[in-house]
DNA sequence: CAGGTTCAGTTTTTT
DNA sequence: ACTGAACCTG
């Protein structure tokens, strides 16, 4: 506590009523949250089990859990809730499912499942139309609107059509006993706002609320926060409007302003001392973000030394750019004896990682890519999860359709269409229709046999669901379903079979160490919330990730590649007039750097089949030029670079000899 | 019905 | 370059 600076201490000690902490980048906001939790518990102000700390990503929840674990020894922190908004909403629905007409074991549809439904409802629509419609539905949900409310609010034909689609989409979901990601927020809000008893019970349960990154709340999340905090509003919200980078999924930084209106007693504390970045990095970041209009004035300062010059590199193309970055990392790793984990490469879009990976591999530099093919998006994992979903939730037609065809069991499109027809006229979910003898008799013999074999396996798994642990059930499922055998048959070589099998083992491990609860459906639902960024990181590796994924992290050496107009700012954002958010994105990237920063751009890139000329990002012109060192402007730097190239070349030759 | 082949479209960020 | 959809064949 005594290491805290005065505003940090004020934020920690303020425990009655609403508090907003405007925390600049690197100003120790996580530390304040952790200290505050410790203080609330130690002072007896609130027992751990009535404190909830809410984050936006699983990654930050995990990080916070670790830091709390280090700060609070023993069992004092037992019962503390630290999770994402979505995980909290899920927990809420698992308890209050009856209030929104959901049955136990309900499924969570991921984006792909949602897209498939929308596509099906809009027969014949092109993929981008489907995505657009899905986004409209998502926007309505993030605004906290029910289908009826959306219809009432719709102006003009297009909006009306979208609202009607939302209605049909939602009807599907409830027929499937399923919710999508957005419902995890919207439905709890609906329950809390419409049911005083339940709201009172939850306020008893959660006596103090802390919300991290609250500039990222969307309207539905803000309403959830208000309902949980109640009139008194015992909460601490921590946020930074300069780091708001999720407007595209409904985040509304105006919620920070709304908070002052809704809670007249709101206290505001500003954290303006940055402990992370070199002074030079901070000057550059401040100059950039000064180009955005500001509601809350905040002046970040640092008493750190100036650190290294900020390098701006012009490259021939992305391969050249990647080679330069990799060479520089290899050079500094040796020259400064810096561990690989000191380095981070940031980019706007995940697709930009490819050339970088190639270049790092060539130099034998170990790296970890955050956000590669998501674990949960792997075919074998999705297959197994579909089986599990169906075991827990017979109404889940989406899970049925996937499970029944993986592995293949001679039930094809024609038979499934027939089955759907029968299910519809009998008002049954597909999996129930598939169990009826009458239906089986109407299908071709081969398909009928396939289906009854499938039914037997599902029945066996349901019989064991109550007695086996979740992990054992999953293992039984992987074996019984034939997924394992199919995987072996599919893979050409043993190595790839073992690799994919390891994914299934990992899934089982998640169940093993995962949150307890007994109910398989609950576990499957929690798994659905895991994202691509949650896989183990750490280790002594160079880190590669998108600018979005980098929020909250810090590294000694940061490379931001693709600083081109059209890439950063992204052209879609420019078209939509979201330049300010793109600027904040670069601001977030720059403020990750503790000591040194590189900004690079290419003159051209290969896009699909043609070469495209690129211009340097307009943001580079907004930086104080005196702080930058352009490539080639300095003979000393050039000499250094020559050395790097030589060492990169040596390393490459060495790598080839080794290979 | 399943597995293979060709061919078009494709790239923003995440729970 | 890489993926998924459409089409073709045993």
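Backbone N, Cα and C atoms are what each Cβ position is placed from, and that goes for glycine too.
Residues or ranges marked as domain 'UvrD-like helicase ATP-binding' in TrEMBL: A:2-278. Averaged across the domain 'UvrD-like helicase ATP-binding' (A:2-278), the predicted model reaches a pLDDT of 90.
The secondary structure of residue A:25 (ATP binding site), as reduced to three states from DSSP, is coil rather than helix or strand. Counting only same-chain residues six or more apart in sequence, the Cβ atoms lying under 8 angstroms from the Cβ of residue A:25 (ATP binding site) belong to A:240, A:242, A:243, A:274, A:276, A:277, A:285, A:300, A:587, A:588, A:591. As annotated by TrEMBL, ATP binding site applies to A:23, A:24, A:25, A:26, A:27, A:28, A:29, A:30, A:276.
The domain 'UvrD-like helicase C-terminal' annotation in TrEMBL covers A:279-552.
Taking the centroid of the Cβ atoms of A:23, A:24, A:25, A:26, A:27, A:28, A:29, A:30, A:276 as the ATP site, the other same-chain residues with Cβ within 8 Å of it are A:240, A:271, A:274, A:275.
Counting only same-chain residues at least 6 apart in sequence, those with a Cβ under 8 Å from the Cβ of residue A:23 (ATP binding site) are A:29, A:32, A:238, A:239, A:240, A:270, A:271. Sequence-distant neighbours of residue A:27 (ATP binding site) (same chain, 6+ apart, CB under 8 A from its CB) are A:271, A:272, A:273, A:274, A:275, A:300.
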